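Undergrad: Have a look at this one before I ask anything.
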């Protein structure tokens, strides 16, 4: 196992007001680093972008933006997200040392306060993404259940509990990101199954359906809030908020290999997501669901296979996005043993089990998927991926950037700050509206 040596970050050059000359201790990691190929990192990133969330983009993005807004928005979001992630990747070895966590990089550039602020933003981001995976995993299990049971008695919260339990078992048996190798292949196959099934069945429904309604419904005010929320979902769709953590697993040259992984994600990796999003909206128009497999018609066994594939992929994907939290807990308590060594196993049962019990409880309480996507994008994806990335790159490379490049980066900071504020207001409004419509532990 390769470990990073502990070090103290001194920010006597790049500082921020009261943080001048502050220091923050960066702990070594209990997880493996510097072992994986760029292709494995590319598959991890692609698994994220083609996770079970893609089954909802027809309903959470296209329905609120329409054909022109949706297509243009997806293309722009792809390009902007690639650019922002490249900025972060290029800072991985800032000042000649590897920064294996997002908060480590922020501390190197800004100081102590940025370390904790970035940490909070990232963990809010990943926690809410994991809530989304639990909601979708539960929805896929319920969709499979109703295919075979005429009198439905089990409600969504029960399936959320089942999904949470399976995620706990997987988290206990899979120590870290690098140990996902065989599971990444399984995740790719599972994604292929539900994306192909949903796309084919939706296309079949579309060809046999009467003309669809592609108009954007609602009052002027509700349309504006929905468009802002959908724009937040666009950014959520492409970004993990954990580029440094994934980059930490790469062999040298880490920057070059991460750029290759990002190129793979944002070219070949986005094709399946584009396909299912556009086909779903074409087939069902404004009635497209936030879980596309609930729209499609076809053989029961085919739909069941797709739903089970979606559930299993959500388990693997959740583990990817929960790994920074797991890494923190393992490092904090010096858990370095093998997957089934007694001390390590006991700790993972307690720590990871507790984390997922809390996540599952929140998922069951407020199962409003589209709202959580919007709020996640607003509160953390915008700040982490766009605002912070642009400003960090500006601060770290200010002396070598032209005035035009500096102006461009400042424009990104200002624009996405405004978007973040607007999207937060829109997302909170959506949650308030849906909370009035549904009770807690709702069966949606």
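Glycine is no exception: its Cβ is also placed from the backbone N, Cα and C atoms.
Remember, predicted model here, so these are calculated numbers, not experimental data.
So TrEMBL lists these for the protein:
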type	residues	note
DOMAIN	35-428	domain 'Amino acid transporter transmembrane'
TRANSMEM	38-59	transmembrane segment
TRANSMEM	65-88	transmembrane segment
TRANSMEM	114-136	transmembrane segment
TRANSMEM	156-175	transmembrane segment
TRANSMEM	182-203	transmembrane segment
TRANSMEM	223-241	transmembrane segment
TRANSMEM	262-284	transmembrane segment
TRANSMEM	304-328	transmembrane segment
TRANSMEM	349-369	transmembrane segment
TRANSMEM	375-396	transmembrane segment
TRANSMEM	408-432	transmembrane segment
Undergrad: Is the transmembrane segment (156-175) close to the transmembrane segment (349-369), in the sense of at least 3 CB pairs under 8 angstroms with a sequence gap of 6 or more?
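TA: In this chain the transmembrane segment (349-369) contacts the transmembrane segment (156-175) - 3 or more Cβ pairs sit under 8 Å.
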Undergrad: Using a Cβ cut-off under 8 Å, which residues of the same chain at least 6 positions beyond either end of the transmembrane segment (65-88) come close to it?
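TA: For the transmembrane segment (65-88), the nonlocal Cβ contacts are 102, 105, 214-216, 227, 230-231, 234-235, 237-239, 243-244, 259, 262-263, 266, 270, 274, 277-278, 281, 385-386, 389-390, 392-393, 412.
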Undergrad: With a Cβ cut-off under 8 Å, give me the same-chain residues at least six positions beyond the ends of the transmembrane segment (262-284) that come close to it.
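TA: Same-chain contacts beyond the ends: 38-39, 42, 45-46, 49-50, 54-55, 57-59, 61-63, 67, 70-71, 74, 78, 81-82, 85-86, 89, 191-192, 195, 198-199, 202-203, 205-206, 209, 212, 214, 237-238, 292, 295.
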Undergrad: Thinking of Cβ pairs under 8 Å, which stretch from 156-175, 223-241, 304-328 has the most of them with the transmembrane segment (375-396)?
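TA: Top-ranked stretch among 156-175, 223-241, 304-328: 223-241.
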Undergrad: Counting Cβ pairs under 8 Å that sit 6 or more residues apart, are there three or more between the transmembrane segment (38-59) and the transmembrane segment (304-328)?
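TA: Contact criterion met.
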Undergrad: What stretch, picked from 114-136, 156-175, 223-241, 304-328, has the most CB pairs under 8 A with the transmembrane segment (408-432)?
TA: 223-241
